[in-house]
Every structure is written in C-alpha cells, then in structure tokens.
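Have a look at the structure below before the remarks.
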Amino acid sequence: MNARKSLAAMMAFVLVMSSLAGVASAAEDTITGIELDYDSSDYNSGTSSLVMFVEDDKVNVSVLASLSGSASKKDVTTDATWKTSNSSIVKVEKGVLTGVGKGTATISATYKGFTASIKATSDYVYDEVIIMQDDKAAPASIDDIKLGESLTFTLDGKKQGNVTNITTEATWTTSSSSVATVADGKITLVGTGTTTITAKYKGKSDTVKLTVVSPYKGIEILPKPSNDLLELEIGMDDHILQAIAEPKTGGTVNVTEDAKWTSGNTKVLTVEKGVVTAVGTGKTTITVSHLGVTSSITAVVRTPYQSIKLSPEKEFHMQLQDSPLQVRAEVLNNDNVSYDITVEGEWTSSDVTVATVVQGRVTPKAVGSTKITVSHKGVSKSIDVTVYPSITKLKVEKETIDGFKGISAALPKVTATTFDGSSVDVSKLVKWTVKDDDIAEIKGNEWTAKELGETTFTATIQGMKAETKLIVHLKPVKLIAENKDLSIVLGRSTTLPAVTVIYEDGEEADISKSIEWKTTSDNILLLEDSMKGLEASTVTLTGTYLTKTVSVRVKIEEEIVKLEVDPLVVELNPGRSKSIKVTGYYKNGKKVSVGSRIDWAVGNTKVAAISGASSVKAIDVGTTKVTGSYQGKPIEVTVIVTPKLKSLQMSSKTVQLAPGGSFNASVQAVYYTGNPVNATASAVWTSNKTTVATVKDGKITAVAKGSATIKATFGGKSATIRVTVK
C-alpha cells in the first residue's frame, strides 16, 4: 500500500516538472529578427520596389519572425505595426498595400523592436483617359443637342503613346438622369436641361457637358374642348384626340402616334395614341409629351344614369334547398326615364362558393353570406344574400313578451337546430304572423302593441312553427326593487332582486320573472333566475322592463358568520330617533359595520319609522318591531315608544308630623298627551335628611324634630314636599 502511494507521488512530480519545463521553453522563445515576404510577381527588380496600380489589385506583404534556436519562422503580420512614408501614394493596413496616387513610398513593419521596410511604387494604368466622338476627342461641352438625336461616345486610355479602347471597361455616369442616361458610352436623351457625362477608369476620368433642348416650340391637343373641359359619358364611343407639334424650324407635325399619352387616373379614363376610353366617373387630366414639350387638358367622365334600384332591395335570406332567387334591376337615367337592365347589367357575387348569379338569377350553393352586385355604365347596387342550412326544429328565445299600448320592439330571436345538432340564428329567415291583429301588428322585424290583451306571434319556416305570447299591459310608470342595496356571499348563488311595477292606473304587479338584468362588470355572473359573485367588489345591476329601468347595488363579499345588533331594544319618546348599530363578523375574524346596508322594515309604521340609513324614529306611543336581514341572516329590534313626560305633580307641597308619625304622599306624571298617570310606585323617592324623615314608595315617616325635603324622581322629572317634624 505504501509502495503504491510512493509511486503515485513520483508520477505526479514528474508531470508537474514536465509542465514547468514546457512553460519555461515557451517563455524562452526569443525573436532574433524579422523579414518581409511577398509574391515575386509583385516585385520589380529594376526599381527594387513593389509595384501596384491605382484602383487595381492590392499587394499583400507578410512579416515573418525568426525564433532563437528554431529553423521555422512565425507569421506576425497582423501583430506588427505598419507604416507608410506617404499615404497619398500608397496606403497600408496589416500588410495590405493599396495604390492611391502616382509615386514611391516606403512601407515599414515593426515587431518586438525589429523593423523591416521596402519601397512601393504606385502608378496609373493609363496616363490619361479621353472621351471620343467620331474618332476624335469630344468637346468639353456640347450645346443645343436636340431630343430625338442620337449620340455615342467611346473612351480611349493612353499610356506612353499607346492607345487602348476601354469603353466597355470604364464606368459611365450622368449627373442628371432626367436629362440623359448613359450605358457604355451610348447616350439616351430623356428631357431638356443640362447634364454632365463622366467616364472613369482606375483613377482617371474625363467629362462632357451636354445641353439638351427640344426641337419643338410647343405641342397642342386637338380638337380643343369647349370651356377647356373634355366631357365624356360612360358607355359612349371612344373619343379621338390628336397631338400637333410646332417645330422650331416652322410648320406643324402630327406626332399623335409617337407622343407619350398619359391619364391622371386610369380608373376614370385611359388614353392610348390619342384614343380616349371612359372607364369610371370622375375628373382627371390627359397629358401628351413629345421630345421635351408637353400639353394637358382636363376631362370629366359622367354616368348617363342616376341610380339603380333592385327588387328585392334589402338583404335576402334563403335556404340551401330553395329555388333560385330572381333579382330585378332597374336604372333611372338623367332624363328621369327608367328601364330594366336585368339582362344587360353586369352581375357579380362576392363569394361564388355561397351563391352564383347570372342575369340577376341567384342560385344558392353553400351555407354562408355573399354580396350580389349589379353594375351598369358607372352606377352599381348591391344586396346581401345569406344562405342557411336545412333545419329540424325551431325555438323562440322568449316564450312571453310584455308590452304596453303604442310600444314597438324587435321580434324575439329565433334559433333552429340543424341536421348535425348545431344551432343557427334564423331570425331573419322566418316569416312572422300574429293571431289577433287588433291587439298587435307586425311590420318587418318589429311588432307594435295596439290594444290591451293577449295574442300569439308565430314564426314559420319549412312548415315548422314556434310561438311566443304577447301580453299588452297598461303603461308602466315606475319600477321598484325590493332592495336597492344587496349583499351576497362570494361564490354562492343568490336569487335575483324582486321587482314591482306600478302601472299608469296605480295598480302594482310582481315582474321579477319578466325583468331583464344586465351589468357591465365581469365580477358577477347573471343566470336565468339567480346571480353569483365571482370577485369581492361592488357592482350595479340594471333591470329593464318595457321602457323602464331600475338599478340595484350589489356588494359581493366574504360570508358573514355572525351579526351583533346594538341595541336590541329601543325606548323612545315620540319624535326622538335612535341609531341601530349592526356589526358583521367574517370567518377570518374581521368585522365590518353593515347597518347602513340593510333594508329595514317597520312592523307598525304608526308607532315608528326608519330614518336615514340605520336609525329608527318614534312616531306615536306603542310597541313595534324593526326587522331586516343581511346575507340572509335575520335581524330584529324591539321599539318601545312611551309618551313624553311634561312634569311631576306632588299631592302636597308641605306636611307637619310629630316624631313617629307618617304621611302617604303621591305623585302624578303629567304627559304632553294630557293624560296624567299615577307614578308613585314607579318614582324614586329620597330624603335629604334621613335623621329628620325617611321615605319609601311615597310613605314619609318622621324620625326626629327638624325639617327635611322629600323628592320624587321619574322620567327625568322631579317634585318635592317639605316635611316639618315638631
């Protein structure tokens, strides 16, 4: 075991020493010199320099470093520092030499204290380049060259007396392509003006300035329209125009065929070689241009018709198995004469997979919607066609509708069950009838109540029927919710608020099942007969019945597990009020005041009434109950109303007694109601000197000589009697 440990230790030592030796070897590599390396074809031994041309191929030079103790050399081109003695002649960047101008520069590279350098000579491929015209040097400027004329240049390169045609190798440019363009020396004259043509080849260039003019004084569109406005109608024959140019040399020339004709809006009209075709209504310009001269006229295109009328004229609904629908189209012209264009009109369907149309005959092809359009000489008209599937059953959304005399409303939604069991809205497809048209009538998609009573609306399609009953009431005046403020438990279903309607004759009716509830909040879910709070918050429900609405505020909160009421018994005099405090406790122990959220009710409104949010006010003597509930938990408070005490009257004001003698005093309670009550037994009797006289329940007993005052107290009032003991 120890031998193995020793062997392992020795091997580890050898590995470490080997690594250290390698590091030491690398650190000892020493640069002994550098040299430049390049392609021999780039070197001219006659000038002892590298040779390059401006804007020609670049010359690549490398730096090789010699290492101490090694025959190999290291490429340090990118690590070396490069310099040029004249960057306007030769540029250098990491060994890449570029000719910039004519001359010689010295290129040097420095690395680790060593520097190597070489001469570099740069020259132009040609001493000069010359733009040639007709085998001689082109002038620096050519004036009054006319549009339509031809012009071609070539480019010669000269070097030490030798001439070379370099037209196709050179780069040709124009300073204004709107005047002339150039390609390989061939000039295309485009418009009047001045431009400079430049030919460039490897650092050398030449230019020619061109001034381009028109051979014409002007151009005119004939015949001239009256009032300078060409008036056209859709459907009329093409209108013929001519372009007449006036040469500067005199006379006129018909250039209709050669000129360029353009329309300002091809959706209004088109023009080709002077032939104008009206396309659509509108106003635009017609322009003719030829060799630098231009002329325009204004044109307006009108339709000979005012409008198209379709029959049927509104949207149409049909089923897939229905026979084709024939749509008729009638047009009214500007002379107020109408005629049928069903056959000659252009008919289209926006979706031919749903329905096709030929001369107004619409054939259903698949379930869906499409737009059928007829167009004729600038006017058009469309109707929407909806194709429905076959159905197996009908259902009206509402079994009963409420209304009052004179009101109109939309007919209820009708859904149908299709062959595959899915539902589809067929409200616009069904035909409606009314059983008693004295009570109500149907026009289009609306019904109107005419008289009080009941009748039946029947929706029919494919022999299937569905009915709904209309009840015509008196006009509603007001809706009253049983509770204007409600508290419901989060996540628990609660019955929707009960609502009563008051009609114009004063009669009331429960419409809780007929009213339609809505809310803008997504914190509550409204079901058919109930509601469920989804998130703690306060939301507003709006109920609608006929033309009236009512609002109920609903507070969605955690469940209240206990209610505390203070006081449970309220004693008041008439006219006085007392606040009832109700505290609710949640499951988590938190409490909240809910008294103002409760809809209180008084059992006997002659005795007491609710005042404000949670106060009770005494009205008359008596006893009653005040009740309410919160989250379904009942609350009851007893209210006792007693008459208000005006004064107490003692039976005697003074009395004289001998020691040991007694006297029975009595006290009358006088109320504002005017009815005195004997309060002797109820009063609290006291003596200011019990050593002289004592009192109990009105009986005064003399103790010793002296004077004392006996007082009776009741209902906040008091009365006294003076006792003298002799």
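Using N, Cα and C of the backbone, Cβ positions are placed for all residues, glycine too.
In TrEMBL, annotation is done automatically, which means it is predicted and not curated.
As written in TrEMBL, here are the features:
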DOMAIN    42-121  domain 'BIG2'
DOMAIN    136-211  domain 'BIG2'
DOMAIN    215-300  domain 'BIG2'
DOMAIN    304-386  domain 'BIG2'
DOMAIN    390-471  domain 'BIG2'
DOMAIN    559-639  domain 'BIG2'
DOMAIN    644-724  domain 'BIG2'
SIGNAL    1-26  signal peptide
Sort the residues of the domain 'BIG2' (215-300) into helix, strand and coil with DSSP and give the three counts.
3 helix, 51 strand, 32 coil
Three-state composition of the domain 'BIG2' (644-724), taking helix and strand from DSSP:
0 helix, 49 strand, 32 coil
Write out how many residues of the domain 'BIG2' (390-471) are helix, how many strand and how many coil, based on DSSP.
0 helix, 51 strand, 31 coil
How many of the residues that make up the domain 'BIG2' (136-211) does DSSP mark as helix, as strand and as coil?
0 helix, 49 strand, 27 coil
